[in-house]
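Novice: This is the structure I want to talk about, given as structure tokens.
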Amino acid sequence: MDTKTLTHLQRLEAESIHILREVVAEAENPVMLYSVGKDSAVMLHLAKKAFYPSPPPFPLLHVDTTWKFQDMYKLRDKAAKDAGMELLVYQNPEAKERGINPFDHGGLHTDMWKTEGLKQALDKYGFDVAFGGARRDEEKSRAKERVFSFRSANHRWDPKNQRPELWRLYNARKTKGESVRVFPISNWTELDIWQYIHLENIEIVPLYFSQPRPTVERDGLLLMVDDARFPLKDGEEPVMRSIRFRTLGCYPLTGAVESEAQTLPEVIQEMLLTTTSERQGRAIDHDQAASMEKKKQEGYF
Amino acid sequence: MTTQDPIYKTDALIAEDIDAYLEAHQHKTMLRFITCGSVDDGKSTLIGRLLYDSKMIFEDQLAALESDSKRSGTQGEEIDFALLVDGLAAEREQGITIDVAYRFFATEKRKFIVADTPGHEQYTRNMVTGASTADLAVILIDARKGVLTQTRRHSYLVKLLGIRHVVLAVNKMDLVGYEQETFERIVADYRAFAESIGIEEFTPIPISGFKGDNITGPSANTAWYQGPALLPLLEEVEVEDTRDQAGPFRMQVQWVNRPNLDFRGFAGMIASGQLRPGDAVRVLPSGKTSTVARIVSLDGDKDLAVAGESVTITLADEIDCSRGQVIVASQSPLEVADQFESTIIWMDENELVPGRAYWLKVGTQTVSATVAEPKYEVNVNTQEHLASKTLDLNAIGVANITTDREIPFAPYAENRDLGGFILIDKITNHTVAAGLLHFALRRAQNVHWQATDIGREHHASMKHQKPAVLWLTGLSGSGKSTIANIVEKKLARMNRHTFLLDGDNVRHGLNKDLGFTEADRVENIRRVGEVAKLMTDAGLIVITAFISPFRSERDMVRGMMQPGEFVEVFVDTPLEVAESRDVKGLYAKARSGQLKNFTGIDSPYEHPEAPELRIDTTEMTPEEAADLIIARLIP
């Protein structure tokens with residue numbers, strides 16, 4: 001008999017689709033957290049494949065901080081429309097009222113908009129399962145994260161009380177008040193993500209490709225002046241540089257890299273030849289090694 | 001640094017022709033493997049080394065690693081690769097990995113997923129988890145120590161979980177002067193043991209994870225060794241795909257896709273075999289047959305799908321098929337049964353309660369199941385069989401399992417997806433065990449339900465009543481028997497045919513062989529449930545008065561009855577009140593330690609969460625309670 005050898009991407013795709021379907025079969029009210037980044041783009045694409053010809057049977061939720069790049073907002077609305085899915089945008093009203101922003105409030109910005117915002121949104125809509133695009137290769141403490149990650153009623157993660165996951169069997173049963181974060185692309189690496197985007201021709205935010213953009217340099221990070229809210233210091237003048245982003249978040253917190261890569265193969269090439277890991281561009285992770293674990297226990301994704 | 005330069009250099013193609021590189025890398029395959037070793041065997045160091053040598057470490061990570069190595073490393077001034085992989089803060093301080101972690105690296109030929117599991121005492125649960133998805137196992141041995149108890153334990157689990165490729169990595173060769181004799185002796189010791197547990201083949205390699213010998217290529221330090229280095233071996237070994245594809249077609253239906261009335265697709269991952277449009281298939285357990293119409297995908301219909309792919313298919317005929325059923329090649333159906341011999345690996349702090357109903361999930365199907373008392377427990381260190389009445393955390397045993405309905409299955413040795421299961425506690429929802437189905441018990445296949453001409457409806461209609469079970473639950477001394485007795489008297493006056501099953505009375509006969517341990521209490525209630533069920537079949541209204549302290553068992557009995565027939569009556573008397581009444585003097589005995597496992601004192605009572613009726617005995621008399629119960633039964 002002829003056998004067909006599955007490539008690593010085909011096996012990863014099959015596994016992710018299996019996870020997505022398992023949740024839809026067992027959850028009461030699932031939602032997909034959509035951050036508009038490349039990982040979200042892949043996750044959304046996998047969802048389209050998993051449920052075709054039906055549209056994915058759950059809404060997309062964007063926990064917005066109001067400080068994302070303009071290009072991200074554009075793609076967000078288009079992607080949801082193309083997929084035929086409902087898009088829910090949630091902004092923490094308290095953070096909005098207090099004008100919390102990354103320039104004046106440091107860590108509080110992430111805490112209120114993202115961590116608290118996420119909890120509030122999940123509670124508001126009563127979602128019992130939320131898909132997230134986290135990968136195990138991103139950070140050491142994530143290597144031990146389960147695919148189905150259980151959170152207590154107050155959204156805390158207890159690393160000592162997670163369920164064993166064997167074979168392709170996921171136990172999705174919840175006790176009252178518990179909710180689940182499910183990570184369908186746990187086993188993908190950054191290179192896998194890029195290769196898959198290339199192979200499947202998935203639309204991503206243009207910021208991943210190099211282009212001359214207005215920038216300033218601060219604390220070793222190259223920041224893009226994406227809108228008029230960016231407070232320039234005395235004598236600070238935005239400089240046009242050919243830059244792109246390896247990871248996307250709030251624009252004042254996301255460092256760019258100088259690059260000439262304008263196509264996907266060029267981006268992949270640069271990534272493979274580069275010598276720093278992708279999280280380095282995120283100001284949020286420049287704490288001690290165990291900080292991500294601490295954030296996760298508090299409910300940050 | 002004394003390490004050798006990595007041989008796996010960044011591919012020159014990346015810089016010269018990225019398109020050609022991408023094309024080549026799209027055809028990479030994937031291998032999942034597990035590393036097993038004891039605390040100091042150098043497991044984390046080996047994995048760190050593989051990541052480092054395959055260029056999966058970036059400069060910033062390396063810089064962090066160097067500073068970490070100086071701060072908390074165990075290798076002096078040299079890079080401590082173990083720090084690359086030990087993740088959670090608490091375990092970094094102890095220097096022990098306490099969970100399963102997954103690591104990723106890739107070479108030009110393959111992507112690798114490594115399950116890293118701990119080597120300390122509490123390891124069984126984690127290692128079994130990591131091994132369940134592995135194609136290959138690397139068993140590490142410290143060359144200075146040779147084959148240890150832990151080595152035997154790891155090998156036994158590797159064999160149990162059906163991993164077919166085993167690599168014996170004799171590590172720390174640098175510390176024994178790269179002596180061939182030491183290596184050969186360890187390999188011979190291991191071979192003798194491996195054969196005794198049925199591991200027929202393995203590949204021994206002398207390595208040093210710390211120094212990098214025989215990791216990416218042959219080492220000059222072991223010129224006497226002619227076999228493959230570790231990484232080249234991992235690149236060449238056969239993955240499970242091919243083997244699975246050769247089997248007959250099987251797909252567990254995961255989800256039914258119904259976007260509109262004209263489309264009905266069955267989605268699932270193919271567990272074995274291949275599928276083409278036009279293939280004849282059968283749906284189990286119903287046995288209905290049809291042919292495959294389409295293999296549907298976002299990129300257009302496909303003409304072939306194979307094991308390991310997640311697909312959506314449509315059938316030519318409108319037949320019933322839902323989540324949990326299995327679509328198979330029509331000429332080679334699966335066995336269907338409801339009683340099995342199985343191996344169970346217990347993974348929860350609370351031990352197995354034989355006879356209690358757990359959820360059993362196999363593939364996409366979840367059913368209720370009970371586990372009998374184990375036939376034996378296996379000592380994982382010596383592989384001896386021990387007598388045991390239960391299984392506690394990290395114990396492995398062989399036991400019969402009964403499901404509440406027939407399920408299609410395959411022996412685990414044949415197919416992991418169709419023979420591997422988990423058990424879920426019905427109250428906590430925790431995954432409490434993993435299991436392997438071995439074979440169906442003949443008993444199940446040969447005992448058929450005998451249909452009788454006079455059925456339960458006939459029995460009931462002759463009595464002009466609807467059968468029911470009034471299940472009174474509550475603490476000892478709460479007033480269950482008193483209320484039950486009044487209820488029966490009142491019903492008798494209303495010409496209703498009843499029977500009162502009382503806890504104490506049943507223990508004089510039917511259940512006189514049972515004590516008051518958790519397992520015996522479960523069996524006590526199971527038998528009473530079965531008797532009550534027979535009585536409802538006979539058309540009777542059954543009144544029961546049992547403490548029945550566990551939710552699981554009350555729910556089990558509820559599940560035995562027809563919908564609506566089970567009426568749970570919670571006789572709610574606070575412990576202080578019941579204890580102050582102490583009609584039988586039992587609380588006094590329990591308090592003084594003469595009576596063990598007494599509910600409310602040293603054994604728990606789990607309150608009903610949503611009983612049909614709650615009787616507060618501090619607010620009403622037994623008469624009033626009885627009237628309330630009867631009003632619920634006969635409105």
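Glycine is no exception: its Cβ is also placed from the backbone N, Cα and C atoms.
The model shown is predicted, which means the values in this text are computed figures rather than measured ones.
Feature list, courtesy of TrEMBL:
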{"type": "DOMAIN", "residues": "B:28-242", "note": "domain 'Tr-type G'"}
{"type": "BINDING", "residues": "B:37-44, B:116-120, B:171-174", "note": "GTP binding site"}
{"type": "BINDING", "residues": "B:Gly474, B:Leu475, B:Ser476, B:Gly477, B:Ser478, B:Gly479, B:Lys480, B:Ser481", "note": "ATP binding site"}
{"type": "ACT_SITE", "residues": "B:Ser548", "note": "active site, phosphoserine intermediate"}
Novice: Please list residues from the chain of B:Gly477 (ATP binding site) whose Cβ is under 8 angstroms from its Cβ, counting only those at least six apart in sequence.
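Specialist: Long-range Cβ contacts: B:Thr573, B:Ala578, B:Glu579, B:Arg581, B:Asp582, B:Val583, B:Lys584, B:Leu586, B:Tyr587.
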Novice: Restricting the comparison to the recorded positions B:Gly474, B:Ser478, B:Lys480, B:Ser548, which residue's C-alpha is spatially nearest the C-alpha of B:Gly37 (GTP binding site)?
Specialist: B:Ser548
Novice: Which three-state DSSP class does B:Ser476 (ATP binding site) fall into?
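Specialist: Note: B:Ser476 (ATP binding site) is coil by DSSP, not helix or strand.
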Novice: I want the residues beyond B:Gly474, B:Leu475, B:Ser476, B:Gly477, B:Ser478, B:Gly479, B:Lys480, B:Ser481 whose C-beta is within 8 angstroms of the mean position of the ATP site's C-beta atoms, in chain order.
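Specialist: Apart from the listed residues, the neighbours are B:Ala545, B:Ile547, B:Val571, B:Thr573, B:Ala578.
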Novice: Name the residues of the same chain, 6+ apart in sequence, whose Cβ is under 8 Å from the Cβ of B:Asp40 (GTP binding site)?
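Specialist: For B:Asp40 (GTP binding site), the qualifying residues are B:Asp142.
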Novice: Under DSSP, is B:Asp40 (GTP binding site) part of a helix or a strand, or is it coil?
Specialist: coil
Novice: Can you tell me whether DSSP puts B:Met173 (GTP binding site) in helix, strand or coil?
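Specialist: For B:Met173 (GTP binding site) - judged by DSSP and reduced to three states - the answer is helix.
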Novice: Sequence gap of 6 or more, C-beta under 8 Å: which same-chain residues meet both conditions with respect to B:Gly479 (ATP binding site)?
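Specialist: Listed in sequence order: B:Val571, B:Thr573, B:Ile615, B:Thr617, B:Pro622, B:Ala625.
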Novice: What is the interatomic distance between the Cα atoms of B:Gly474 (ATP binding site) and B:Thr117 (GTP binding site), given in whole Å?
Specialist: 45
Novice: B:Leu475 (ATP binding site): which of the recorded positions B:Lys43, B:Thr117, B:Met173, B:Ser548 have a C-alpha within 10 angstroms of it?
Specialist: B:Ser548
Novice: Nearest to B:Ser478 (ATP binding site) in three-dimensional space, by Cα, is which of the recorded positions B:Lys43, B:Thr117, B:Met173, B:Ser548?
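Specialist: Smallest Cα separation from B:Ser478 (ATP binding site) among B:Lys43, B:Thr117, B:Met173, B:Ser548: B:Ser548.
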Novice: Quick check: of the recorded positions listed here (B:Ser476, B:Lys480, B:Ser481, B:Ser548), which one has the Cα closest to that of B:Met173 (GTP binding site)?
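Specialist: Given the candidates B:Ser476, B:Lys480, B:Ser481, B:Ser548, the nearest one is B:Ser548.
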Novice: I need the CA-to-CA distance for B:Ser481 (ATP binding site) versus B:Lys43 (GTP binding site), whole Å please.
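Specialist: Distance between the two Cα atoms comes out at 62 Å.
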Novice: Distance check, please: Cα of B:Lys480 (ATP binding site) against Cα of B:Lys43 (GTP binding site), rounded to an integer number of angstrom.
Specialist: 60
